[in-house]
Amino acid sequence: MTLVYPRRQRQLESLVRKLGLPITAPIKWELLDLALTHPTVSESANYEQLEFVGDAVVRLAAAVMLWETYPDCPVGDFAAIRSVLVSDRILAQLAREYGLELHLLVAGSATSDKIGQESRLADAFEAVLGALYLSTSNLELIRPWLDHHFRQLAAEIRLDPARLNYKAALQEWTQAQFKVLPEYRVVEINQANRTQERFAAEVWLHGNKLGEGKGRSIKAAEQAAAKVAFLAITPPEEIANQ
């Protein structure tokens with residue numbers, strides 16, 4: 001099914017070609033059009049519902065790729081790597097790579113909001129994934145072009161363990177379980193020698209200390225504490241199902 005407006009149809013076909021997909025693919029064009037319509041354009045016909053679906057789809061796509069590529073990787077690392085892959089920063093980066101901003105319908109009031117641009121692009125990217133998934137009820141229109149991005153990023157993250165985002169993984173778990181965020185308490189323990197572990201961090205939830213760690217920076221110490229906590233409180237099967 002094509003759209004009523006030939007110009008919009010051509011725009012969407014251009015995007016599909018950038019994704020490396022044939023325009024004869026079983027795409028529901030009306031959904032793809034909706035995925036690229038910001039709420040400022042229409043309060044009812046916009047990408048918000050597709051973004052909700054796409055949020056789950058991108059996490060599934062990342063999880064499957066990681067499982068296939070790194071079958072021996074600890075499941076806790078899977079969650080930490082995936083938290084980076086599905087972050088707004090990465091999704092907005094991919095959206096720019098495919099020129100989504102050229103096809104995203106946004107009212108003038110939002111176009112001047114430069115601060116919110118990254119969030120808009122990430123949301124639209126998720127919505128596009130949602131539209132493609134709902135077109136076939138599987139990942140066949142997504143994995144052929146998304147896998148190699150995620151695979152390359154995952155390899156870079158594994159080479160630099162500091163990029164593993166256990167803080168995000170822990171936050172995701174606590175929000176899902178308790179609807180609250182963990183609390184981090186950081187103290188400076190080694191001011192004299194800044195080349196060594198300078199900060200100690202503790203992570204707390206509901207009055208209970210979940211983990212502690214040290215690092216050369218506050219961020220590194222918090223990540224170390226989050227890793228201890230996350231791996232201690234989340235069974236492997238629960239991490240896999242997040």
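Cβ from N, Cα, C; glycine included.
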Looking at Swiss-Prot, which one out of Glu48, Glu51, Glu202 binds Mg(2+) in the same site as Asp123, Glu126?
Glu51
Euclidean distance between Cα atoms of Asp123 (Mg(2+) binding site) and Asp55 (active site), Å:
8
Shell list (Mg(2+); ref centroid = CB of Glu51, Asp123, Glu126; cutoff 8 A):
Tyr47, Glu48, Leu50, Phe52, Gly54, Asp55, Ala122, Ala124, Phe125, Ala127, Gly130
What is the number of residues in the domain 'RNase III' (12-137) that are helix, strand and coil, as DSSP sees it?
84 helix, 2 strand, 40 coil
State which of the following recorded positions has the fewest other Cβ atoms within 10 Å around its Cβ: Glu51, Asp55, Asp123, Glu126.
Asp55
